[in-house]
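TrEMBL lists these features:
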DOMAIN    51-125  domain 'Cation-transporting P-type ATPase N-terminal'
TRANSMEM  108-126  transmembrane segment
TRANSMEM  138-156  transmembrane segment
TRANSMEM  290-311  transmembrane segment
TRANSMEM  331-361  transmembrane segment
TRANSMEM  823-842  transmembrane segment
TRANSMEM  896-915  transmembrane segment
TRANSMEM  927-949  transmembrane segment
Amino acid sequence: MSKPALQSDEHGVALQSEYVVPEGVEAAGFQISADELASIVESRDTEKLAVHGQLDGTADKLATSLTDGINTAEYSLNQRRDIYGVNKFTESEARSLWEFVWEALQDTTLIILIACALVSFVVGIATEGWPKGAHDGIGIFTSIFLVVSVTATSNYQQSLQFRDLDKEKRKIFVQVTRSSLRQKMLIDDLLPGDVVHLAVGDQVPADGLFISGYSVLINESSLTGESEPVVVNEDNPFLLSGTKVLDGSCKMLVTAVGMRTQWGKLMAAITESGDDETPLQVKLNGVANIIGNIGLFFALLTFVVLSRGLVAQKYFDGLLFSWSGDDVLEILQHFAVAVTIIVVAVPEGLPLAVTLSLAFAMKKMMNDKALVRQLAACETMGSATVICSDKTGTLTTNRMSVVKACICGNTLEVNNRLAPSNFSSKLPEAALEILLETIFNNTTGEVVINQDGHRQILGTPTEVALLDFASLIGEGFEEKQQQTKIIKVEPFNSTKKRMSIVLELPGGGCRAHCKGASEVVLAACNKFIDARGSIVALDNTTTNKLNDIIETFSKEALRTLCLAYQEMDDGFSIDEQIPLQGYTCIGIVGIKDPVRPGIRQSVATCQSAGIDVRMITGDNINTAKAIARECGILTEDGLAIEGAEFREKNPKELLELIPKMQVLARSSPLDKHILVKHLRTTFNEVVAVTGDGTNDAPALREADIGLAMGISGTEVAKESADVVILDDNFSTIVTVAKWGRSVYVNIQKFVQFQLTVNVVALLVNFCSACFTGDAPLTAVQLLWVNMIMDTLGALALATEPPDDNLMKKAPVGRAGKFITKVMWRNILGQSIFQIAVMWYLQTQGKHLFGLEGSDADTVLNTIIFNTFVFCQVFNEISSRDMEEIDVLKGLPDNSIFMGILAGTIIFQFIIVQFLGDFADTMPLTQLQWLVSVLFGLLGMPIAAAIKLIHVEPREEGN
């Protein structure tokens, strides 16, 4: 055990440490326990931090180095895990299959049916003996068992899928130094003692202490609810897990992970799940309630009509209070039929179809590099009418390289094959020195040795391009940084559009360096370095020449940056602001960011689908125009405008401007937010927005669908988004739109199919009860039909993959009705056909098949039931497309659909031929089977003919 240590605080007052190191911790080679370490940051206890020797002492007790990180030997890592735990949160236990079975059994109508089955079972055995009297009860029980099993299994599978998707959301990477090597690591793998590198937009992955950094602002609102950002520095070194870096960059020592962090304790009280209802589910629940009420009305009427004969007979015979077992069974059968009509009428499959379709689409979109964070985003994306896209990394590859440079007034081509000495020889020595100094120091990038022992440049693509260029023309990244000391940093942000630093020079004095948007930085210069390396005044002629170079570079689709510096002979106080004017221009670099392959085709696909694509970028307007033309976004009649001009427009001018506007250049996050808000409210558009920066969060939240970039995007942007585009590719956004439309259309197909079955089942049983006093479809048969319609129908139609035709139609938009005129046409047409077939069989069936004898009614009812089922089988195929005649296209490739059709037909055959005692059926002859199938098959050409009837297209968005 270590003895209590005597420490001194900054005032020289002795602080007596009462802390005693636990034996297990000491034996593992550490001098501080996990709980003690966690309490320092959680309670922001500066006294306790002082007791443990401040930052350096804490690092020593953690057996780590503030520069090199922890030892990566497996034994050492395992010991650290055992003592301090891992950076994972305790997950709520997955619900078991039995819980879903129990949930499915809570359905009121199923409970009533179970009661019916029990009474039928008991009364049947009492009157007719075993086993004949038990057939009806066992039949209903079996049907209920099937319905519950399929529903519970389906819901259980979806819950597992949602858990997998929740785990995907947790896959956040951070930069860590371990054993002197910089590496990318999952936050789950972090351990106390790790040295983590944080930058703007990152989520703090664990609790820790500030080591070093510049201008760090932290948003702690997720933990404290306070919106005011917190400054983190040596005086306030506490960083809390789950908070966001708003500004600056720093290194952090991890002190607590997982459930010991404040965020972990908060997460323990909150469980994430995919159970929230989406807008479409809410809308469909309303539809289901209306249909259910209609079903309840018809069920009561059917029960009254079926039972009136028996009750009237009893009344006339004076036996109203004398009931035999057969009488009770008959009434019970009528009640079971009525309850089952309710089961069929209530479309509980609607919410299931939405969940199935969304879960299926989410899984497929994961394979297509899109992580859906919000379920509702799937269906909303199908309605999108406008996509506001970033340029860098989304339309372009984000693999940048310097291809042209204008240094000391000379424009030079740059390529990697050019000998560095060749390029350097064209520059005056003083100019080369200052160029390397500004690039190597005024950067958020780093040159490090990676795990493979190779030199690697880390940072944003722009920083990597600049550092790569500087490394090409002159070595000495570390030497340049060691020669000077950075005393102040003002990081780049989208408002200032520049990054500035102040260096303390070895010989005394200070020097400021500035880089950023060419027009902004050049406007801050009053001198430049000429071809001889002399510093001369920047006159109008030279300014115009440099502006022409910027324009030339921009028209070649190059992103331009201006580099400048300023001598500060009078010294510099850290409290001062870095100067905004008086700089000397070093040069202008042109950075190439190639357009992604296939982007023009993806934009064209969007435009043909009625989705407007607009580009919003912080780049120069000429660069933006060049890229937008290359992508096919900027057309001849389209407008490109700069943010400054856009901001000055009044509402009336915006009303005329926005519909024509295709490119917004030099935009600020506020411009983006205003544009999105206008599109959504004034123009009633459904807007999808892409974003990657912390400042994009307001626009991502304002949009109907926020799309964050998975590679270049910050954690703040991802947290604000509905969908994360994992490969940062615009083509993936098109795929998301296609899947979104697929979800919407698949659910429409299913609703069309289900409403047809509802209408026919209700009317056939009701009309038959009214005119013949008997219901041709029994409770067991209706339960089987209900399973075909609800669960199996949802599986078949809600999991249809998208086809290319989806992107050739106009989007649904905000005002689109869900059940469209096209759907009503198909529902009514198919319902009339099926009711006509059922009625024909009901009235002419005995004559048609020559049925006689005591079994004639049962055989006829079996034929009606069989025909009804085959009508649904072929109607399911016809429902694959609501407008196209060719519904067989792609059918053999859809294994789920084919499997469900095959399973339905096989099980129908078993029910009819072998389960007659339970399902009230009689085995049919080959001719009777053939006629049943042909009647069902006739529904397909009828459906095709119905589709030829013209209705108003697209008015509601179909």
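Numbers here mean position along the shown chain, with the first residue as 1.
Cβ from N, Cα, C; glycine included.
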Would the transmembrane segment (823-842) and the transmembrane segment (138-156) count as touching if the test is at least 3 Cβ pairs under 8 Å, pairs 6 or more apart?
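They do not touch: fewer than three Cβ pairs between the two stretches lie under 8 Å.
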Would you kindly list the residues that approach the transmembrane segment (896-915) from elsewhere in its chain, counting only those six or more residues past its ends and only Cβ-Cβ distances under 8 Å?
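Cβ under 8 Å, 6 or more out: 139, 784, 788, 792, 795-797, 799-800, 862, 865-866, 869-870, 873, 876-877, 880, 921, 923-924.
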Cβ under 8 Å to the transmembrane segment (138-156), counting only same-chain residues 6 or more beyond its ends: which ones?
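Apart from its flanks, the transmembrane segment (138-156) reaches 95, 97, 100-101, 103-105, 110, 113-114, 116-117, 120-121, 336, 352, 355-356, 779-780, 783-784, 786-787, 790-792, 794-795, 915, 917-920.
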Looking only at the domain 'Cation-transporting P-type ATPase N-terminal' (51-125), what is the model's average confidence as pLDDT?
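Here the mean pLDDT over the domain 'Cation-transporting P-type ATPase N-terminal' (51-125) amounts to 82.
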Quick one: DSSP breakdown of the domain 'Cation-transporting P-type ATPase N-terminal' (51-125) into helix, strand and coil?
46 helix, 2 strand, 27 coil
